[in-house]
C-alpha cells in the first residue's frame, strides 16, 4: 500500500513539473547560493554516479562502460542471476574488490564535514544516494539513505536476511575471480560454492543487496526519502544525470514547492532548467567552497 501511494505521488509530481512553465536560466553565483545555504536548517543532498566516478569508481555507463563484454544492465537483473549466479557474483565480486583501492574524494569529504558541523548548530544534512559503494559512509557521513542498496550487504534468497558483508573475497571460490578483461575465462562456480547464508538451518544462496533493473525500490527507504524531501529547505543535486527514475523526480519535486535547488554536475541535465542554481565542473572542485563554513556560523 505504501509503495502504491508513493508511486502515485511521485507520478503526480512528475506530471506537475512537466506542466510547470520553464524557469529562468539557473544562476551560477556562488555568493548568492551561499546566502541560501546560510539560512537553511534542513539540507537534502542527492548524489549520483558522478560523485563516485571522481574517486575512480567504474560506473559501467556510456561508451566503454563494460565489464568484460557485458554492460551493467545485462548482469544487474533478477533474470541474469537466476540464469547464471556465478557470472553475476563474479561481476559484483570485482566491484567489491576494486573498492579497496578507492577513497572518498573532496566532494564526499565536504558533505561529511558539513553534516558534522551543521549538526552542532541544530541543523541537519541528509544524503540521498543512488550509489552503492558506501564512500559517503567512509567519508564520515552518518545520515545516509542508500536507495539502491549497498555492495557490502547481502540478502539470502531463502530466508531473506540482510547482513553487512565485508569479506574479501566474499567466498573462497571467488578468490582471484572477476577480472574485467574481455578475454577472461568465466569461473563457472558451482552454485553450492557461491556465497551462502550462515543463519542456522538456512544455508540459502546469497545475492548482492542492491536494487537490480526491473526491481522496485524498498518502500521503507522511499518513505524516508519522501519525509526528508518534504522537510528540506535547501536541496543539492550532485553528480547525477537526472535520468534514472524515480530518483530523477526527487529534486524537481522539491523545486515544485518553491524550495531552492542547486545542481552540481559536469554538464547540464534534463532537469537543470527547473533549478535555481547550476554549478558546472567536477564536484570535488565545485562542492567544497559551496559547503564551507559560512561567516554567519557561530560554531
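Counting starts with 1 at the first residue shown.
Each residue, glycine too, has its Cβ placed from N, Cα and C.
Summarising the annotation, TrEMBL assigns active site, proton acceptor to 148. Counting only same-chain residues six or more apart in sequence, the Cβ atoms lying under 8 angstroms from the Cβ of residue 148 (active site, proton acceptor) belong to 129, 130, 131, 132, 210, 211, 217.
According to TrEMBL, the feature NAD(+) binding site maps to 48-67, 130-133, 239-241, 265-267, 283. A simple way to gauge crowding: the CB of residue 239 (NAD(+) binding site) has 25 other CB atoms within 10 angstroms, across all the protein chains here.
According to TrEMBL, the feature substrate binding site maps to 92, 95. Just so you know, the Cβ of residue 92 (substrate binding site) picks up 23 other Cβ atoms within 10 Å once every protein chain is counted.
The Zn(2+) binding site annotation in TrEMBL covers 156, 159, 197, 202. Using a 10 Å Cβ-Cβ cutoff, residue 202 (Zn(2+) binding site) registers 14 neighbours.
On the 0 to 100 pLDDT scale, the domain 'Deacetylase sirtuin-type' (23-297) averages 95 in this prediction. What TrEMBL records for 23-297 is domain 'Deacetylase sirtuin-type'.
On its own chain, residue 266 (NAD(+) binding site) has 50, 239, 280, 281, 282 as residues at least 6 apart in sequence with a Cβ closer than 8 Å to its own Cβ. Each of the binding-site residues 52, 130 was scored by the other Cβ atoms within 10 Å of its Cβ; the lowest score goes to 130. Sorted by the number of other CB atoms within 10 A, the binding-site residues 48, 56 start with 56, the lowest. In this structure the alpha carbons, written CA, of residue 197 (Zn(2+) binding site) and residue 56 (NAD(+) binding site) are 31 Å apart.
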